[in-house]
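In what follows, a structure is listed as structure tokens, so that the remarks can point back to it.
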Amino acid sequence: MERDSWSPLELLKCFCESDYVERNADKAVECLSLDIHWFGTSDEEDVQNLDEARAYIEKEIRISPPPYEITFSDERERTWEEGFGIASVKMKIGADGLIMFSRVTCMTKMENGRSKICEMHTSIPEGHQEQGEYFPFEFAKQHESDVLRDFVNTMLPGGIFAMELGKDFPLAIINQNMLIYLGYRNEKEYLEAIAGRLSNAVHPEDRGLLRAAVLDTMDQGDEFKALLRIRKSDNSYFWGDIKGVRSRDSRGIDQIVCLCLDATNLVMANNQLKDDRLKLDEYASKLMEKEEIIQKDARQMRQLRQWVGRHAGVTDKLPKQQHVNWKHMGVIIASVILIIAAVIGFTMYLSNTQWDAAVLAIRTTSLAGVQCISNATDADQAVLANMAEVLGKLYDRDEAADILQAAPDSGFSEMIASYDDGKCVSSGQRQPEEASDFAAKLDFPQGSNVSRPFWEANGKRQIAYRTDLYHEDKKAGVLYGMVNLSRYYVPSVMEFYDGQGFSCVIDARTGEFVIYSDRIMPENVHGDLYSALNENGDTKTAGEIRNALSGGKTGSAVVSLKGKKVYLYFVPVNDAAAEYLITMIPYDVIKEESSGMAYLVGAFVVVVLLVAVLLIIYNNRITKTKLHEREYRNTLFRLLAENVDSVFLVFDHETDEVDYVSENIGRILGFESREILDHDTRSIKLPFDDEELERIQRIMKDKKNFYVDFPYSNPGSGKQQLLRLSGYVPEGADWQKKWIFCVSDRTDEVLKERRLEQAVREADEASKAKSEFLANMSHDIRTPMNGIIGMTQLALQDGVGEEAMRSYLKKISISSGFLLTLINDILDMSKIESGMIELHPKAYSMKELRRYLESVILPLSGEKQIDFRIDVDEKITVLADQQRFNQILFNLLSNAVKYTDEKGTVTLTIKGVPKDSGIIHLTMRVEDNGMGMSPEFQKQMFKSFTQESRKAMGMSGTGLGLAIVKRLVDLMNGTIHVESSIGKGSIFVIEMDVPAAKGPCEKELAADAAGDPTGQSACILLCEDNAINQEIMMGILEFLGLTTELAVNGKEGVEAFQSRKPGYYSAILMDCRMPVMDGYQATRAIRALERPDAARIPIIALTADAFEEDRKRCLEAGMDDFLAKPVEIKVLKEMLGKYMRKDLG
């Protein structure tokens, strides 16, 4: 649009967008006149000519170059014939998360043939501007700084102070938040308490640490860090995590400005962790001592085995019996008994110690969970208070709503500002009245700003916070903030022992679970804790726990929950003891922690007993010690080997012997373990070439880990496998000469990878097919649309003759029909793939089917002079979904006609064979002598969006027809077979079992009966709001010889029906979506009237909603039948005839 034709409003918006959004000074100046006068929000924003305007805009862009986002509203303008005009617009300006409001007003005049701005004024709401400020940049920066400062001052557990670098560090400044946290009313009271010296506020044992930290700051830099105990007004201490920076005040005195945060819980948790680590180190030390004993016994066993091996050749020369030295035997037995007694005693000690450690860890985790929830709730309340302060300063309801809605990351699911004057705004979707009612229903305990938990409409458990709104030091309302309780559930803190142990929060009064995770909550425990405990019959323990929680106590108990023994620890979340954090862990898990050492010691006892037995049995049994020792070692891998597809071997590379083979070697590799253990490994033939073997040997020599994949023919099963041989160098002095090998069967893994690759390829093919489908749809939709639009344009030309007009309309009808078929195919395929389609079987005769097919196929075949033949047994009547039955045959027959040349033949044959139980076996055969299909296409012909060489053949279509046929046949439990050859034609055969119907169908009776709606003195009430649809329907009804009365909405329809005497209207055609009152409401209102024809007058839905669920909704509302737009005259005539005959007869 040329500049000289711009309206004042368009010119003003162009200037604002050029200045604020594009940051283009040249483009903005082009909108201004030479004598521009512009004044606004600051002392500098007073421009008297074009040069001053350019300097001002360029300075503004230079100071803050990033673009702004602006939204226009409340646009106004007025013009005069003399070329003058005025315009005004309200702007919402956003940048870096800040929102500003401004109103700009200007006057325009014509200058050198173009419209220019000659006067302009900028203003912003009161409170957003200060003397000499540069709008909106300085305000935005100052506002951002204020928000950050307020966040630090009000959000954190602590505050800010400064100390001078003098003796005992005199206190220079301290903020109000720090004073409140320390328990003092004002700065004067605190200075008196510490005698003005910060060192007096520090624990005597930590004052040296304070001096050292200050010296480090002075020597090494300006950063100050210290962890000190700080005294509060009640003489208690908390651990303060202090961080600061060295600076100099206006008097030139050196000082350190510090931020102090309460880190007591963190320090206590760290100390607890240190104690736990010390205990674990003690346990580990004792375990190492026992491990040394076991290793020493193992070395003695190996020496004994070597001695037996050296003397194996003279075994037959030894006497058959040996005398036992009972003195030595007594010493051995006594030693064994003492060792066993000592081990058992030590086991009991370790078990008790480990139990205590496990319980201590649970309690530490619980305290961390309490602190986590407490910090989160305190933080949310502080954020809400900060937001209330911001809203109180504004007090503009529109701005308040914008600010609430512009804070999506606040953590609140919704914020509601309720003002004392009855106004209410919400950050969510609630209307003001709904938000006000919702806020009034929130249940806050007396004296508390935290509500009791409640269920929101979205099914989520929530709580609400509230804080007062103050404007100019007067209470103006209340700000509410709703938070999803699931937000306070922190899995990293509240879950442990791999999810077997967990923490949750309950309401101490009712036992109801408030904060928890459905994922780890025990099955069926979702009501409240007290009921779950009482279900097991232990009402005494349940009562004791309830009393303890009511009294605000902390403790633990072992309870029975859902038939399982559970260790339960409880601790209050807040001072009011209204909510408790409950930690639960199965008792067996803790016992396993404390009983693990018992298994190790038990194994040690077994070893000691074995050694004792080996020393006292006959020499001929000593030869079996090798087998016992091997079985003892094999226990390490047995359970693992039984459940994995990997074989483990321990190899001694010095003796070339295999010390161990896992028992699953037969399942994986196809031969027994003894075949490896009883032979020299050098005789084993591996499927590697010399180069690969040399590489493996070099790696083994360098003691590096490796792996190699190789094919393998399993001698046991004869299967071909892909294996991976991995070699690992174990750590430890006893393993210096050992290697651990793992042979893994990767066959299934590789097959899965290949299947995944195949799936990716298929997905790519599907994506490609859908992309081609979209391209085809663009073509197929535009083709009929071109016909419709083109023929319409020709028909609208002056001087068009009657014959030409009829030709145009006929072609428009053909194109519209094709477009409707295209849309229906896409919608049908969508419903089929989503599983939303349902069958509605009714009595359907083959005679009626013949009539339908002749009416739709004969016109198509006649255009190409194709001989269409139908051989149908008209005596058959079945129970079937008529629409879907027709759709199957129409798709097949229309395809046959489409792909058959002129003067060809298309034949439909339907035969029915009665079976038992009233079932008819239908065989439907569609045969043509057309172009046929290639074998390649026949493999994928039933896939969606596929056609065979559509571009080459010049055929149009969606590629969905056969896919819909296949899915509908499957839905009817039928089968479809195809025979086709290129150049010879195709044969489709469908077979299915359908129930036989008793008697003729309703449509057949209706078709055979006499009567027609036309020619009768009947009046139809048409309820339709669209003007074009009104004209179409009234024209069709007039063509049918019927009188029509029109109602433009449901309310008028009901009133028209009421105003006429009973029986005046023969039927009602009801559109479903209308203003004022829709069709569903209007139908219910008519059916509810107390007059004789209200219940029986035919009401037929007439709507563009064509889905099955829409049809159901119409019938449920009380309508008799359903017609989807666009309406065919023949279908409308049949339906009106059916219901009007029923009504009149």
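Indices start at 1 and increase along the chain as displayed.
Quick reminder: no glycine exception, Cβ is built from N, Cα and C everywhere.
Annotated domain 'PAS' per TrEMBL: 144-221, 633-701, in sequence order. For 776-996, the entry in TrEMBL reads domain 'Histidine kinase'. Here TrEMBL flags 1019-1140 as domain 'Response regulatory'. Residues annotated as 4-aspartylphosphate in TrEMBL: Asp1071. If you look up TrEMBL, you'll see 329-350, 597-618 marked as transmembrane segment.
According to its DSSP assignment, the residue listed as '4-aspartylphosphate' is coil.
Within the same chain, the domain 'Histidine kinase' (776-996) packs against the domain 'Response regulatory' (1019-1140): three or more Cβ pairs sit under 8 Å, each pair at least 6 residues apart. Assigned with DSSP, the residues of the domain 'PAS' (144-221) fall into helix, strand and coil as follows: 48 helix, 14 strand, 16 coil.
Counting residues of the domain 'Response regulatory' (1019-1140) by DSSP class, helix then strand then coil, yields 54 helix, 23 strand, 45 coil.
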